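Structure, as structure tokens:
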């Protein structure tokens, strides 16, 4: 079975990992313990702080407007971009995910509406407290399906000095938040690539979930997906049950590798950094060209090590870090 064999030489392990197994992994356990023992991931020095920028909302493209038409006509879209501006959404539910993260569900203006947010897109949130001179504006990526009706969901991690995340964590059902979108990111379409890799840290997982969910929900999309997800502790692994469900349901097309800075004693996954050695072992090879796409999303330190940072919200900047050293081209990598 994929990455569940006894430790083997690096070359054999690399060949083994790049094949997707024909049998499902056992539920409730790590499928990658032997892999991490074999590659010996290095230690991680401290937590990351995640902050992303966004560019102004733009009118939806023709591709983006093809969101799930229903019998009797196309669905209504809450976010249309362009000159729409911010819309005020009512918080319907606030659920605790872990010690510093909540899932917030906002009602769309009409119960039969869909968000209108294309796969990989984000929104801008705005809040001005009573003692603030200027409003706080932050981007967030929804985790709900693009065709979900009536509501839109966000996973929000609270940061000690984060005014928007703190405000959203303090919100009670019935309160409202100004939201604008979409902010287009990578223009995804089914089967655009044969194999994609999602390299994420912390709440950088949200656009990765949105992308993976769209792939596996579409029976016509046969894309293979590899997830490499770094966190501080096991409880910080967001959407872990959902990722495990995908791994058990699509064992030939999806694999997840988790790396923890502060793992429990029983942890069989990776420990410390997401290393160059791990990426070399589990990612699709760069020689595959356009068939392969690598997505990166996480805190600044992770970008610096793995891909180099973005020059601006609208400029991907040059490729650097481990991915460049491993032979990937700039066109094969997208930084959220």
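For all residues, glycine too, the Cβ spot is worked out from N, Cα and C.
The structure displayed is predicted, hence computed values, not measured ones.
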**Report entry** Range annotated as transmembrane segment - as stated in Swiss-Prot, picked from 5-27, 28-50
**Finding:** 28-50
Report summary line: In the three-state DSSP scheme, residue 202 (FAD binding site) belongs to helix
Report task. Quick one: give me the count of other CB atoms within 10 A of the CB of residue 197 (FAD binding site). Result -> 25
